[in-house]
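Copied from TrEMBL, the annotated features are:
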DOMAIN    152-210  domain 'CBS'
BINDING   D247, I248, A249, G297, I298, G299  NAD(+) binding site
BINDING   G299, G301, C304  K(+) binding site
Amino acid sequence: MSEIALGLTYDDVLLVPRRSRVRSRRDVCTRSRFTSAIELEVPIVSANMDTVTTASMAVAMAQLGGIGVVHRFLSIDEEVNEVRRVKRYLTHVVAEPYGVAPQLTLAQARAEAARLDVTGFLVVDPGQRLLGLLTARDMLAGDDGDRVETLMTPFERLVTAAPGIGLDEARRVLTASRIEKLPLVDAQGRVRGLITLRDLAAAERYPLATRDGLGRLRVAAAVGIRGDYLERAEALVAAEADALVLDIAHGHADGAIEAVAELKRRWPEMEVVAGNVATGDGVRDLAGAGADAVKVGIGPGFACTTRLVAGVGVPQFSAVLDCAAAAREVGVPLIADGGIRRAGHVATAVGAGASTVMVGSLFAGRDESPGDVVRRRGQQFKVYRGMASRSAAAARLALEGRGDSLDQYVAEGEEMEFPLRGPVAAIVDELVGGLRSGMSYVDAASIDEFWEKARFVRQTEAGARESHPGSPD
Ligand code: XMP
């Protein structure tokens, strides 16, 4: 124990301004890599926690140019379903639109619509030939016992197009015919896709959206390293998740390294993110096993008590700095996970060498965060909890159908409530605005330049106090 290193965190340091040729924050490009193969226009990731990311948050994040990681504290089917909801949400062409049989009753069709979270259906025969379209309006018009075939708009009256139609042409047809859904059918009348007005409009509203090669929103999904994790991974790969995030508290462990290697051996094309680590050695070992990105952060999270309970951790700025040097050597992007409390911290984390930041608590209590709304004294709240908290552990046991006692469970996280605070877009804008500003102060027009030019100064406690606005008392 010859030398004990100094560990610094985000509030201990500041970026040093330098002469800048960047004239406006708007001229800054924040494009960065989430994994080796996936780029984001906005380098922000929502955390794989059960109070932060399911489909709604993942959709919002991808629309805004970031990405969400669906948490894994769900049954395999449920997690797959969340991924599917994102993949189907916004696409220029729905490749396999849902179809229903004409003999179904309206009550059955309504139940299907609610289950699949859609507003209408194509009506098809067993050979997938298009028979008609059942719209939300058609569904309103009928009674429960009516058959779909008596309510649908029949094929003869539908406007359809060939599968190869361009988007501009599709937009023209949709607006000229004043319709909302354009089924694509081949020469035999079989369904080959669907273009909807809603998807076209959304594509224009979200120019930065993170999309795959087919125009669908991207989404990542978490897996563990024990039990049925390979079965889960297989189901998520089949559901076309864009990345798997191997998420365990201590990622620099033999079990995690072996699991990364196993995932990459089975699905070499799949992007695999691994973590969490807090040292350069951790980054090297996970990258060596094939990880396409490494997540950094032991204990900085808002709801974390790991450092208090286990006495383990590295203050997050030093962890990112140390890991970034290793990440550059081995060529994998880093995700700085946890400890982002305000916009300035994003600039600090990325300036220190992270490619993206993962955010939990700042995204809690948002419209898109999962969980019930709790009402108390006229105010509304949503729960935010560490995934190693007692209540999260209890929920996990219940999910697995186990009644084990939690008496021996050593929690490393807490549960808390955040007041409802509107859509996540507002805070994402604030975080990106801060990053853009930070980059412009150090003459960085791109993330690569930012890494090259960022210099930090340490501040004392008095310096940190000076950084906050004073109060006139
Ligand atoms: P923030 O600060 O954004 O951090 O709320 C989110 C990150 O916290 C981590 N996390 C935990 N860490 N015990 C821990 O030590 C826990 O129970 C726990 N739950 C979440 C996780 O890395 C997340 O992304």
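The backbone N, Cα and C atoms fix where each Cβ goes, glycine too.
Any TrEMBL annotation is an automated prediction that lacks curation.
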* What is the Cβ neighbour count of D247 (NAD(+) binding site) at a 10 Å cut-off, with all protein chains included? -> 25
* Structure fact -> For the domain 'CBS' (152-210), the averaged pLDDT of the predicted model is 88
* For K(+), what surrounds G299, G301, C304 with a Cβ no more than 8 Å from their Cβ centroid? -> G297, I298, P300, F302, A303, T305, T306, R307, G313, G338, G339, G386, E412, G413
* Sequence-ordered binding-site residues from D247, G297, I298, G299, G301, C304 with Cβ under 6 Å of an atom of ligand 1 -> G297, G299, G301, C304
* To do: List, in sequence order, the residues of the same chain other than D247, I248, A249, G297, I298, G299 whose Cβ lies within 8 Å of the centroid of the Cβ atoms of the recorded NAD(+) site.
  => H250, G251, G275, N276, K295, T306, D337, G338
* To do: Return one of helix, strand or coil for G297 (NAD(+) binding site), based on DSSP.
  => coil
* Asked: Do you know which of the binding-site residues G297, G299, G301 has the most other C-beta atoms within 10 angstroms of its C-beta?
  -> G297
* Using a 10 Å cut-off, grab the number of neighbouring Cβ atoms around the Cβ of I248 (NAD(+) binding site), all chains included. => 18
